[in-house]
């Protein structure tokens, strides 16, 4: 009996009986998988320990497929499997692990993908209608995102980024439909990042989008606003420390010949003044002099804008 000649680079090989093209039923890309019993046969093959690397299941009828591994904490692992346009409606894929391969345009309607891991898998054009996505992992970046960042040809990179944007948008809509707003928040950040990377490199739109991402993560990262505020307050206090402030008619400024304690106290006073200016509470006992006026005006304007931004971002995040 001839054996399937499918061989993995690490030495693993398939032990199934070979068919017409010296490949078994599961590794032959020319074999159709439209039979009603295909899902059941695949379940038996996977549970029996068959080689789950490079399975050719394009357009396969796998409705109701059950690949829940009840005998282990880890789900079954499918590597480099082609499930292009596969019918996986109503499947039970809890904890399934996929590494590489494609689910492009597959139908995952009513499928349970809780705790599944889809790492470096082509997720473009998937039907996510009523799919359970709780704790599903798709890696730090989807496949098209990674390829676009590595691509040296700007035109091809733009194509990858456009596909990545569509993939992130579909994932965001699917997670929102399931009420998983933490997940959808992450995907909307990635979606808008992909949209930014499609813009001309030196365009004002791309720079503005980058600034919004840097300061608040497109409205999904309120802690970035807090960190920016603290950084701005500290930097401005350093400027006040060296440019000087006026206190009750006395000009206070850093003096190298002054005692360390005196300069340290003045630095703390500059920090206090910076906080007061940032929150637009008024100058109080301290008033800026010289270049300090320029920094104070800039900090006051930026502070009022940043506080409003934090309120908007925080309320949006919490209400979701």
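These residue numbers are counts, starting from 1, taken along the chain as shown.
Heads up, the Cβ atoms here are built off N, Cα and C, so glycines get one too.
Copied over from TrEMBL:
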- 225-243: transmembrane segment (TRANSMEM)
- 231-319: domain 'Potassium channel' (DOMAIN)
- 264-283: transmembrane segment (TRANSMEM)
- 295-315: transmembrane segment (TRANSMEM)
Lying 6 or more residues past either end of the transmembrane segment (295-315) yet within Cβ distance under 8 Å of it, the residues of that chain are 215-216, 219-222, 225-226, 228-229, 232-233, 236, 239-240, 243, 274, 277-280, 283, 288
Checked against DSSP, the composition of the domain 'Potassium channel' (231-319) is 61 helix, 9 strand, 19 coil
